[in-house]
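Have a look at the structure below before the remarks.
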Amino acid sequence: MNGISNNNKNGFTIEKYLAPLLLVFSTLLGVFFSSDSSAETIAIPQFTQGHLGKYTEYFRESDREITLTEAREHFNTVPLSKGSSHSISLGIDVAPVWMTFTVDNTTDMTEFYRLSLETPWIDYIDTWLIKDGEVINHFAGGDAYAFEKRPMQYRFYAFEHEYPPGQTQVIIRVETKGPMALPVYFSSVKAAISRDISSGYQFGALYGIMIALALYNLVLFVFIRQAEYGLYCLYLLGFVLNSLSYTGQLHTIITADYGVYFQDWLDIFLMITYSVTGLLFARTLLKTKEYAPKLDRLVLRIALYIPLGMLTGFVFDQLIFSAILSFLLNSSFVFLFIILGIKALQAKKPFAVLFILSSVTAALCIAISTLAVAGFLVPYNDYTFKAIEFGMAFEAILLASILARQFRVAQIDKRIAEKYARTDPLTELNNRRGFKELTQPIFEHIVANQREVTIVIIDIDNFKNVNDIYGHSMGDIVLKSVADAITDSCRQGDISARWGGEEFIVFLAETSEAQGLMQAEKIRRKIEAIKIDDIHTQLSLTASFGISGTVNGCFNQATLDAQSMDNMLRNADKALYIAKQNGKNQVKIFC
Ligand SMILES: Nc1nc2c(ncn2[C@@H]2O[C@H](COP(=O)(O)OP(=O)(O)OP(=O)(O)O)[C@@H](O)[C@H]2O)c(=O)[nH]1
């Protein structure tokens, strides 16, 4: 393909949008630091693989499209800029760029090499190979071309060529509206294949972790019905789709030619899926509505109105308008995440520190990739280009750990709540509910096997006097002391509970009424022996006991049945009444 098309395409990605300012700086730096000594040739096969920035000289078209012949003349006559060690980065929406470098095959056989330009959003790329002054090959590609029309069906612009012995001049013309970041990579085809395999494993591992996490959270959402799990699942899937899109991989899957702008529309919508779900997830996780309602509303509005605006742009076919909106959303996304974290920290929300740590790490990694793509401060290489993915994966995993810890806290809260639903908070004995739940299955077992069982009801004597004379808090101390005395006197397997105000109950399994009487006597003596320093000696602390239980495995001279428990309780209560009537501080059996 030769000339310049007006149908320029824009591949919009995170880097693209964060890059422009930095690209301006890097361009200025390039102007100051570029050397006018001509670039080295690339000696093959000694050079097996690497970025070609420092081997490359380039210039930009000024006011009009120029031809290959004019460009060749320009290369020979005008002082040229030289690339940095990795990538040439010139800014956004800049004039088309011409680059050249020379490959010197030092052997007397052809050498098979792949050349690729590793930014998938470049619109038009033309490469001419010139041997002995003659054009021997021309490869036209870029994302403006239908997938099958590109020189290689690959995620970037790439082609493979057999370089003949001697020197071959390579001239590349690049035209794009997006950031002019040009990491040209040159490698033997063998090295290119192993690099592809290794990057395939890396992406596979990354996406594998993300998708597994997403599915796990989907399952949690389905069963627990908590919105944050569902939103986190969408956030992770958004991350994977966004990454697939800006690394060019998605476009090797969706290869049908849906028109010039299809890839751009797809990219910007995938990009905001990630940020919208991220913001919705963050506000739900941090419960921002409770302590920062204005910020919460702002986040909600951003997450709703920007996609709506972009949809409107789509309906009216205004790509640039929608792209600017997606740029706004994605550039504010990282900052909003950090602000949400800081607000949560101020509100002393649990996990706020972890949240900030994760979002700041992600922001730093995005900055590293952006600077690398811009060719400013950070060298461009596979690691710096992928820092953005590392950062986001790190963020995703830290957020998962927050969710997991939140889940654990909820579990503990639930367990505590369940415990307190069955426990009397003052004495820490079982309450009625706890008592019934614990004794029910044991009683059923006793009935089924016709075993012995006895129930003891205990009521503190003249307890009202304690409250009246020493105050309610002293009454509480007494209740607690009596509870402790009961617990201390109980054997393993006995189940005690606070039955009501100053009334307690003990369930004695495998214990006949006669044995229960002895056990009750033991508790009575223990209560009688309680010493509370602040209670004056004139007030004796005693309790009365009512007992009902089995005699030779029978209750009321009949075999035990399901109703026996209620009857036993009733009888023990009657026995307790008799104990009170008879002068208190004694144990009575209902006869
Ligand atoms: N301090 C305190 N007092 C309680 C609590 N629950 C119930 N009470 C009090 O326990 C007292 C029970 O009084 P009564 O039912 O008249 O029984 P009593 O004074 O023990 O008399 P007898 O049972 O006949 O020996 C009341 O004064 C209640 O207010 C509690 O949790 N703490």
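Cβ from N, Cα, C; glycine included.
A TrEMBL annotation is a machine prediction, not a hand-curated record.
What TrEMBL says about this protein:
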- 204-224: transmembrane segment (TRANSMEM)
- 231-248: transmembrane segment (TRANSMEM)
- 268-286: transmembrane segment (TRANSMEM)
- 298-316: transmembrane segment (TRANSMEM)
- 322-342: transmembrane segment (TRANSMEM)
- 354-377: transmembrane segment (TRANSMEM)
- 383-404: transmembrane segment (TRANSMEM)
- 451-591: domain 'GGDEF' (DOMAIN)
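Counted as Cβ pairs under 8 Å, contacts with the transmembrane segment (322-342) are highest for 268-286 among 231-248, 268-286, 298-316, 354-377, 383-404. Per DSSP, the domain 'GGDEF' (451-591) is made up of 60 helix, 36 strand, 45 coil.
By number of Cβ pairs under 8 Å, the transmembrane segment (204-224) is matched best by 231-248 from the list 231-248, 268-286, 298-316, 354-377. Mean model confidence for the domain 'GGDEF' (451-591) is a pLDDT of 92. Beyond the ends of the transmembrane segment (268-286), by six or more residues, the same chain brings 12-14, 227-228, 231-232, 234-235, 237-239, 241-242, 244-246, 250, 296, 299-300, 302-303, 306-307, 310, 322-323, 326, 329-330, 333, 336-337, 340-341, 343-344, 349, 351-352, 355, 399, 402-403, 406 to within a C-beta distance below 8 angstroms of the stretch.
Sequence-distant contacts of the transmembrane segment (298-316) (same chain, six or more residues past either end, CB-CB distance under 8 Å): 265, 268-269, 272, 276, 279-280, 282-283, 288, 322, 325-326, 328-329, 332, 336, 340.
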